[in-house]
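Heads up, the thing below is written out as structure tokens.
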């Protein structure tokens, strides 16, 4: 073991290592290696660990032909393409980053190679064979070789674009072998095996990650939870059998002209937040989930396009990253003494070595301990924490305009604004507190006003709905609320005193809030309710109600709502495991007009997704509360978090 010794590549002396003829296991984790020297020899090496280094290339690993187990997680420059290169180069490799890759590696070595070889050969036959005269000089051969290698790497494409670097690398190798074989040119690569996989299989095995723990799956509505370990590569999406699970539940309240079958179907039911990975855990409450922003378009662009299929979820002692399509738990982060309540994403432009700038997604997670954890997801690394509050943090959210600005709302009745800083290449960062907003009661949900996200923050609290001025050019660091909103109460009057446990914006102006008055979700106008020119602090303002949504009659609290602004949807779960979905696209135009009148009738749900019958260890799961429901920005997937440690993923069909 040579772990944690600050070793650089130059410290691995080939003269020393080449004498270790019988070394079988080598641990070089947690060092500063950027590559492997080519002549370490180590003819008998079977197990190699180089986690947490700065490796940029894996091709030198071919010098260890007997290698069976290899791990190189947390080397941020290595990609899926490198995984495929080592699978090809190391014929005996069985485990890569803890995952059995035997089947995939055989595909890479055989199917892939065979397909590429036939494409390379065809390219030669079609474009280059006739360019070579019968009697050719060495100079002519050199020239045609150069042209052919350039052309073939540009024009031979195969498989998904995420593997294009690997494909180019293999095409060059195959082309050189082909020329050596047909023209007797000198060759300096390994002999090449044969075969590839079809595209569908490539997708399901992209990341050789840990197997999913305790996965529950439902294909048919009535099904069992399989308390089994499932490897991502084996997962096939369960299709509902015709006639069993395809009957859609419609709300009785649907009128004929409004009836619209949104028809979402259940894809996966996952039990991945279990305490101590226990299969018997159907008690852990799941609270928060957020879809990861797509890196290539940045997190700040139009939500219609910045959608991905990976979602971060939290509950109990863990945070999970899930691929919604395959149901694969890609990553899992645990803190044994924590109970996580909230997660949020931001995209930071970080400077890595060589002064190269690159965008990376950072996930923050917070909960009962009042500590914010900062996680660089691609590197599987929690690089720091901010001791934000002495009491639990109920919820967190990032500013949509300032990517380092994070709001944390705590049981200490305060909302703090932090600048989390940008980590350098050694993950040093400096966090600072910019602002403290004083609430009169515990803040449960927070939302920045989309029309002016650097000026106003809205919060649903145990004791009402409040707004603060958060503009940073003001002097005072600690601020009281600017306005408290009053809503209709059960006796026909107006009240400010009620628990607001759901809060989100449907568009730039329409706020959706849920109060603990049974069955009550209001839609109201921010601009018509709040006069920014109004004088004085702590004033009481009447919410200008646009409509009320019909919802469950329960008086249970903390079943929160969410919105999908791009599709004008509102989602809210209930105490019976159902998800209420409201398509409000027919109403928003009328609301936005100057004379926008209140919709007199309560708006019924467009559809209610019923909780399917699920059995755990033979027992039917009952009393399922839906704590949270979140769709991706394009409303392709719906992630449903429950009180029984199950994450349900639905897909819009």
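Glycine too: its Cβ is placed from the backbone N, Cα and C atoms.
Automatic, uncurated: that is what TrEMBL annotation is.
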Annotated range (TrEMBL: region 'Disordered') out of 229-263, 264-298, 299-333: 229-263
Region 'Disordered' range according to TrEMBL, out of 108-133, 134-159, 160-185, 186-211: 186-211
Summary of DSSP states over the repeat 'WD' (386-420), given as helix, strand and coil counts: 0 helix, 20 strand, 15 coil
Within the predicted model, mean pLDDT of the domain 'Leucine-rich repeat and WD repeat-containing protein 1 LRR' (2-174): 89
